Amino acid sequence: MRRPMVAGNWKMHGTRASVAELIEGLVKQALPGSVDIAVMPASLFTSRVIEGLQGTSIIVGAQDAAIQAEQGALTGEIASSQLADAGCKLVLVGHSERRQLIGEQDEVLNKKFAAIQASGLTPVLCIGETLEERKAGQTLEVVGRQLDSVIAEFGIGALVNAVIAYEPVWAIGTGLTASPQEAQEVHAAIRAQLAKENAEVAQGVRLLYGGSVKAANAVELFSMPDIDGGLIGGASLNADEFGAICRAAGN
């Protein structure tokens, strides 16, 4: 049985004061022991968050990593080996904001995926379609292509030590969300695509939903058979809301 996961992506938010307040709120939460829980702060707060969450079950990840695992001459970048040394456990790769706004292509994302795994960290591979692609009926084609890029490069076995997050781009930060049935349809298609390569891997890979998940809709979303938790954006910046989402995943 797949263990649920809830991961909070803090994105480019936080000051020293607000991060300290958020840590304090998270420490007070009654969190389920049956759920893997992670937060991904902006990198300059990584050490502060890891230290503040010591003694809790919450692990800390990163929102991005460089195209190479080791340190080197890449100004402004952070190597996955440095993230591992700092205490991170997982790293986002391919988030829609980096695909859409930064222009990261599959070739770059594959290098990051490999570097993250080479450093002993877990990549959280984000895939999803835009509103235009959904309206054109291209959802499954788009997410399938994004997933195929990794499988073609590394083989299905690379996903044994990875998490996949389906995030419909049109539902991120907009307040819109796919219905539980719509989200389940895509998650089921993703798992079916994986099963064509290896049924055992397909059944073991955790598929998170990442489109405006809130405490109010988490229970229904997480009740779907192929939704194994959530990649949480704005709601993860509120400790009480995030705690409620985590508890929903544990039900």
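In case you wondered, yes, glycine gets a Cβ from its N, Cα and C as well.
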Of Gly52, Gly55, Gly157, Gly173, which one shares the substrate site with Asn9, Trp10, Lys11, Ser212, Gly233, Gly234 in Swiss-Prot?
Gly173
Relative to the Cβ of Glu167 (active site, proton acceptor), which residues of the same chain, six or more apart in sequence, are found under 8 Å away?
His95, Ser96, Cys126, Ile127, Gly128, Tyr209, Gly210, Gly211, Leu231
Going by a 10 angstroms cut-off between Cβ atoms, which of the recorded positions Lys11, His95 has the sparsest surroundings?
Lys11
Enumerate the residues of the same chain, Asn9, Trp10, Lys11, Gly173, Ser212, Gly233, Gly234 excluded, that satisfy the criterion Cβ within 8 A of the mean position of the Cβ atoms of the recorded substrate site; list them in sequence order.
Ile172, Ile232, Ala235, Ser236, Leu237
Whole number in angstrom, please: the longest C-alpha to C-alpha distance across Asn9, Trp10, Lys11, Gly173, Ser212, Gly233, Gly234 for substrate.
14
Based on DSSP, name the secondary structure state of Asn9 (substrate binding site): helix, strand or coil.
strand
